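Features as listed in TrEMBL:
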- A:1-11: compositional bias 'Gly residues' (COMPBIAS)
- A:12-22: compositional bias 'Low complexity' (COMPBIAS)
- A:23-83: domain 'MADS-box' (DOMAIN)
- A:1-24: region 'Disordered' (REGION)
2 protein chains.
Amino acid sequence: MAGRGGDGGGQPPQEGAAPAAAGKRERIAIRRIDNLAARQVTFSKRRRGLFKKAEELSILCDADVGLVVFSATGKLFNFANTRYTTTTCYS
Amino acid sequence: MAGRGGDGGGQPPQEGAAPAAAGKRERIAIRRIDNLAARQVTFSKRRRGLFKKAEELSILCDADVGLVVFSATGKLFNFANTRYTTTTCYS
């Protein structure tokens, strides 16, 4: 995924770094976040957003969606809309 | 999921409806989109966004993510980062 369009040359700062100006969000590079605390915060926030979007897609578009996420520490999070349910996970 | 917070009383318009003012996006109600064409457009756009977010979560946070989406017409879309791969699907 190198060379994603729109990255204007420089290296964007890592997520978790102090913002340049108050109230402004900066574009971050999509690579593993080095700082453990920042990585966990980002995981928690993005995971919630992802599950919300997955649920919205299934409702809005009448689609069947199954989503399984394992955190770096091995904790499982999953979502499925009603027709299928997760019965067995990776052993 | 009735009574989601932040819906300020009135019924927001369905996605696919003409926007009230040029360049403005309106909040839509999270319920099945009635208009077939609008539903398919929304599915295509939101699906792409969801897969992108899933990939970003797996890279940024070192998480294992598996995502399976069936469209209303039964077409399959899936994503998994490298450690696990989908071998069998629903039969």
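The backbone N, Cα and C atoms fix where each Cβ goes, and this holds for glycine too.
Any TrEMBL annotation is an automated prediction that lacks curation.
Keep in mind it's a predicted model, so treat the numbers as computed, not measured.
Over the domain 'MADS-box' (A:23-83) the predicted model carries a mean pLDDT of 93. In terms of DSSP secondary structure, the domain 'MADS-box' (A:23-83) contains 25 helix, 12 strand, 24 coil.
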